[in-house]
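Q: Below you will find the structure I want to go over with you.
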Amino acid sequence: MALATPLPATQAAVKVTGPSTVDVSAATTLPVLEAFEVLVRVACVSINHVDGKSADMSPTPGATSGVDFSGLIVALGSKVDSDEFRANNNMRALSIGDRVFGGVFGNNPLRHDNGAFAEYVAVPARLIWHMPAAMDFSTAATIGATLATVGLALFQYLQVPMPSTQTISDSKTIPDPQQKTRMALVYGGGTATGAMAIQVLKLAGFRPITTCSPGSAARAMHLGAAATFDYRSPTCGADLREHTANGLELALDCITDTASMSICYEALGSAGGRYVALDAFPLRGHTRRSVAAEWVCTYTQFGHAVAWVPPYNLDARPRDREIAEAWYVVAQQLVDEGLIEPYPKEDRTGGLAAVGEGMRAVWKGEISGRKLAYPIAEECY
């Protein structure tokens, strides 16, 4: 293992202590670094809805919480340098001192020592992004989970063709006129994941349409939505079907409740299509046999089982890992070329000690239209 400097014997980390409760442990172990992982000194973290939700519905006492992070690489696993994946895909090699960002599996029953809300986090070397020179740690910490989730949802579960690094360089979109006219619905375009999905769909050559509040419509259009629809309208589903001439085939549901599922199903054309949710959807909402319905758990990208309570107990999905690795290559280019616009954020103080309060606020729905970011290590800035 290559090290920047000697590592401390212990670290501070936000630990799950019970249902919906977390606390900072001042002296817990660092993650055990696996051969194909890098160890990151966490500079900044951000809060996702899943952080509080998972601590509520499937708490793992003693597990480190948190998904999104940015920071500096301080150690390389024993096989990182010999892995040719990044070189074969024209990605920068990972080196000690590199500025990076991404997401990990926090509150993991199978790995208590690893999560983003800590001073150090271990990350697969193939599933981490370099930060562009002009990007700050706070912004980078808000991107990882949404970028990974959208990639897996679109290119694995909705089966959207993934753009290659070459097609991005050539035209910034897939150069297929028919593909460019194909529409896809993003339900919840005002959310962080919805905003990311709109951008990625447009870059993949689609015409994204979205549901959102009137207050979020202008931003959705700015990001690339071809049209927006007020999800509160009683005719929202019918309006979507009319707008798409009864031909809509793809719907990504970033909200996932009975109301959102009903509108998506009404919007999909009479020939059916694919519906992908970002959570386990209510089975009573699956009302059309012509619609293939699936849901995404981004943690399957790591290639291991998810050992939460049902329905979140999932076997390992090797194909998800394959798609994720391919997507990280493409996404790195999108980030490098400034083609991804980050979601609005609010920088907060207090470090790890304040993260628990932010988790609760996001989980309770008290935060809207922005992500909360918390600097952790001032020496990284």
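Each Cβ is built from the backbone N, Cα and C atoms, and glycine gets one as well.
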Q: Quick check on the annotation: Swiss-Prot has Val50, Asp51, Gly52, Lys53, Ser213, Pro214, Gly215, Ser216, Leu278, Asp279, Ile367, Ser368 binding NADP(+), so which of Tyr231, Tyr265, Tyr343 does it put in that site too?
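A: Of the residues offered, the record points to Tyr231.
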Q: Taking only the Cα atoms, work out how far Val50 (NADP(+) binding site) lies from Ala145 (substrate binding site), in Å, as a whole number.
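A: With distance taken Cα to Cα, Ala145 (substrate binding site) is 10 Å from Val50 (NADP(+) binding site).
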Q: Just checking a number: largest C-alpha distance across Ala145, Thr146, Leu147, Ala148, Thr149, Val150, Gly151, Leu152, Thr298, Tyr299, Thr300, Gln301, Phe302 for the substrate site, rounded to a whole Å.
A: 15
Q: Between Thr298 (substrate binding site) and Tyr231 (NADP(+) binding site), what C-alpha distance do you get in Å?
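A: Tyr231 (NADP(+) binding site) has its Cα 25 Å from the Cα of Thr298 (substrate binding site).
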Q: Can you tell which of the binding-site residues Gly52, Ser213, Gly215, Asp279, Ser368 lies nearest to Leu147 (substrate binding site) in space, using Cα positions?
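A: Nearest in space to Leu147 (substrate binding site), counting only the binding-site residues, is Asp279.
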Q: Reported as an integer number of Å, what is the Cα distance between Ala145 (substrate binding site) and Asp279 (NADP(+) binding site)?
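A: So the alpha carbons of Ala145 (substrate binding site) and Asp279 (NADP(+) binding site) sit roughly 14 Å from each other.
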Q: Looking only at Val50, Asp51, Gly52, Lys53, Ser213, Pro214, Gly215, Ser216, Tyr231, Leu278, Asp279, Ile367, Ser368, the residues listed as binding NADP(+), what is the longest Cα to Cα distance in Å?
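A: Greatest Cα-Cα span of the listed binding residues: 28 Å.
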Q: Could you give the Cα-Cα distance between Thr300 (substrate binding site) and Asp279 (NADP(+) binding site), in whole Å?
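A: One finds 13 Å between the Cα atoms of these residues.
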